[in-house]
Amino acid sequence: TELKVSFFLSFLVNRVTCALCDMVCTSVSSLKAHIRFRHCDERPFHCHLCDSGFKNTYDLHKHVETHNDSDAYSCDVEGCGFTSRTLRTLRQHYKRV
């Protein structure tokens, strides 16, 4: 319980609020990340196959998978036949089915 109280007090003391939306962050660095991803339109990561830009490398990587000409991922459930260009879409399929 001491750890919980310590964390709670630390959170109360180390609160930083976004001036643009009143989001409460626990550090200045997390506030900077929040502002960059939620309030800035800067997209420094560009696709080499089209003109699309992204805020981070993860989103760029997900996008590049969509340029795949063939459906690289397929459902292994017998008789399903579902295919997709991205692993993420296949995972969403598994959750739905």
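Every residue, even glycine, has its Cβ placed from backbone N, Cα and C.
Curation plays no part in TrEMBL annotations; they are all automatic predictions.
Same-chain residues lying 6+ beyond the ends of the domain 'C2H2-type' (16-44) with a Cβ under 8 Å from its Cβ atoms: 10, 53-56. TrEMBL lists 16-44 (among others) with the feature domain 'C2H2-type'.
Outside the domain 'C2H2-type' (45-72) by six or more residues, the chain places 36-37, 83-88 with a CB less than 8 A from a CB of the stretch. The domain 'C2H2-type' annotation in TrEMBL covers 45-72 (among others).
Here TrEMBL flags 1-18 as signal peptide.
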Q) Looking only at the domain 'C2H2-type' (16-44), what are its DSSP counts of helix, strand and coil residues? A) 11 helix, 4 strand, 14 coil
Q: With DSSP as the yardstick, break the domain 'C2H2-type' (45-72) down into helix, strand and coil residue counts.
A: 9 helix, 4 strand, 15 coil
